[in-house]
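Lifted from Swiss-Prot, the feature list:
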- Ile353, Gly354, Ile355, Gly356, Gly357, Asn358, Gly359, Lys360, Val361, Lys376: ATP binding site (BINDING)
- 347-628: domain 'Protein kinase' (DOMAIN)
- Asn29: N-linked glycosylation site (CARBOHYD)
- Asn34: N-linked glycosylation site (CARBOHYD)
- Asn52: N-linked glycosylation site (CARBOHYD)
- Asn64: N-linked glycosylation site (CARBOHYD)
- Asn111: N-linked glycosylation site (CARBOHYD)
- Asn123: N-linked glycosylation site (CARBOHYD)
- Asn168: N-linked glycosylation site (CARBOHYD)
- Asn203: N-linked glycosylation site (CARBOHYD)
- Asn224: N-linked glycosylation site (CARBOHYD)
- Asn259: N-linked glycosylation site (CARBOHYD)
- 21-256: region 'Legume-lectin like' (REGION)
- 1-20: signal peptide (SIGNAL)
- 21-286: topological domain 'Extracellular' (TOPO_DOM)
- 308-686: topological domain 'Cytoplasmic' (TOPO_DOM)
- 287-307: transmembrane segment (TRANSMEM)
Amino acid sequence: MKALLFLLTLFLILPNPISAIDFIFNGFNDSSSNVSLFGIATIESKILTLTNQTSFATGRALYNRTIRTKDPITSSVLPFSTSFIFTMAPYKNTLPGHGIVFLFAPSTGINGSSSAQHLGLFNLTNNGNPSNHIFGVEFDVFANQEFSDIDANHVGIDVNSLHSVYSNTSGYWSDDGVVFKPLKLNDGRNYQVWIDYRDFVVNVTMQVAGKIRPKIPLLSTSLNLSDVVEDEMFVGFTAATGRLVQSHKILAWSFSNSNFSLSNSLITTGLPSFVLPKDSIVKAKWFVFVLVLICFLVVALVGLVLFAVVRKRLERARKRALMEDWEMEYWPHRIPYEEIESGTKGFDEKNVIGIGGNGKVYKGLLQGGVVEVAVKRISQESSDGMREFVAEISSLGRLKHRNLVSLRGWCKKEVGSFMLVYDYMENGSLDRWIFENDEKITTLSCEERIRILKGVASGILYLHEGWESKVLHRDIKASNVLLDRDMIPRLSDFGLARVHGHEQPVRTTRVVGTAGYLAPEVVKTGRASTQTDVFAYGILVLEVMCGRRPIEEGKKPLMDWVWGLMERGEILNGLDPQMMMTQGVTEVIDEAERVLQLGLLCAHPDPAKRPSMRQVVQVFEGDKAEIFEAESSEDVESWMLMKMGSRGSSREFWYGSSSHPTIEQIRLQSLSVSLSSWNSSILEGR
């Protein structure tokens, strides 16, 4: 009885013999009954071939008996060690894909799996399902974003999902752990892999077949497989192709859950090679074609270089001749190119603060990093850019007014790169303050907007009457009004400007400017005048006060919209809603209404009915004597005298006698406004 009890106790404490399994394949027999094949998997010449050139196909091979993976008493996962030699053999002139997986599966067959990026392991619906009970190590040669693959040549540990729990680029570490040497999975070479699992740690190591196993694993991670594997599982390999194809092959395989040195018995040398041979360049069919093409390209390149050199020299000579006159005549000093290049950090794109039709504008520092400037670099390939450069030098170079951007200097590089250097305007362009939603920008108040419009009017008056010659700006718009540190407006961009004698007729016939700001007569005849500048200024007034661009998709043109509001007695509804929420707007609401009326008058379609810029400035100044002296026409004097004494509501004037105002009424009311709080003289430039 004691002997029987002893034998029973011994049986319970000793490992169950059915839990131990060892097998080794140094090649596979065609008639082997130890491996079950599924899909397109075959055994050829003692090599287990999982896939071939068939597109969108799956091949799977499993050991034909289940393997106990859990201890029958403790239910803990049994350790195991497996090693195999595989190759991904590419086909000539075919892109290779997709990959191979060593796996534990609860059942045989390939049902529930898809080809291509799913590697014959899962499909679109069951990927990531805990009920899969699949553990695998993938060798993947395609980076699938949906699975968060790290690259197109990686090894990953998969648990019920193709989203690897741990992955790394395929390769191995040097024994000192300092140098990582990548291995290309699908280059046709034979690779040996070692996968060990014990004490809840998975180690994956790989190396070129025939070489010593690296000391440091490629992958090593803690992993509890208790909820993943079942008591008994099938073990083997699966691979798949898609539009990309290659042959996934297993040349040798060992597995044990008791002997971790069994892999030493694998034959790793003398194995067939599947690396594609390299064709001789001379024998290649495309060699002659490429050689002829190269010769042709060389000849063409030499011809183009010679043509470019000759053309550049002729262009340089032409431009040099063109520039000689004004270079000697105009005072703005020439700044060395090296200083400008250094100040803009080599025209770094990070310093771009604006882009115009003929070039970019960069922020820079001159005079040892002390002076902030804006550098306008005009395209050397543009004839318009050349004309713009000469125009700005010859006009803006000699103009001096507090409401015009100051030109500090210019630069003309020999190769034809033209630059204009201006004072830097810290607060950028006016349209940025009107239209951009920027936390750093506060909404301009009504009083600030009127002050800015007053300054712009002063600058335009100086151009028309205050200088030795008459200057037509021809491109007045919100983006060409810059604001300095003190929010003083400065009119900029004189690239379209033209200079004429005060008594000289204007001979422009070319339509230039910006859509929405062009006066009707410019569109019809191409002729610019001081009145076309007045028209553009009127549109600017409406734009600034209403917070709307001249032309917006799906909306009426700005001028027509404001005119309609005025006819209905609702002109105040046209004011910018953001501006109406600013502090103090009610105190200047009458002035805002009159400025809108002034804008409408300036933008009248009949140039003869528009005021001059002198009249506009005098409206802002409120100097009655100057208004009177500025006009000689008897009818103009009569309406000015009549309206200067009127302090009644403008709405009474507009709508007291008729339902629709006339342009003469607009002219009378607008030009009789007295804004007495604005008393600084702006008729002289300074």
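Keep in mind that glycine also has a Cβ here, set from the backbone N, Cα and C atoms.
Between the CA atoms of Ile355 (ATP binding site) and Asn111 (N-linked glycosylation site) there is a gap of 61 Å. Note: the CA-CA distance between Asn123 (N-linked glycosylation site) and Ile353 (ATP binding site) rounds to 52 Å. Residue pair Asn224 (N-linked glycosylation site) / Val361 (ATP binding site) shows a Cα separation of 62 Å.
Each of the glycosylation sites Asn111, Asn168, Asn224 was scored by the number of other CB atoms within 10 A of its CB, and the lowest score belongs to Asn111.
Cβ contacts within 10 Å of Asn34 (N-linked glycosylation site), excluding its own Cβ and spanning all protein chains shown: 11.
The number of other Cβ atoms within 10 Å of the Cβ belonging to Asn123 (N-linked glycosylation site), over all protein chains shown, comes to 13. Every protein chain shown contributes to the tally, and the Cβ of Asn64 (N-linked glycosylation site) ends up with 14 other Cβ atoms within 10 Å. For Ile353 (ATP binding site) paired with Asn168 (N-linked glycosylation site), the C-alpha to C-alpha distance reads 44 Å. Note on the glycosylation sites Asn29, Asn203, Asn259: the fewest other CB atoms within 10 A surround the CB of Asn29. For the binding-site residues given as Ile353, Ile355, Val361, the lowest number of other CB atoms within 10 Å of the residue's CB is seen at Ile355. Neighbours of Asn52 (N-linked glycosylation site), defined as other CB atoms within 10 A of its CB across all chains, total 18. Of the recorded residues, Asn29 (N-linked glycosylation site) and Asn64 (N-linked glycosylation site) place their C-alpha atoms 14 Å from one another. Within 10 Å of the C-beta atom of Gly359 (ATP binding site) sit 23 other C-beta atoms, taking all shown protein chains into account.
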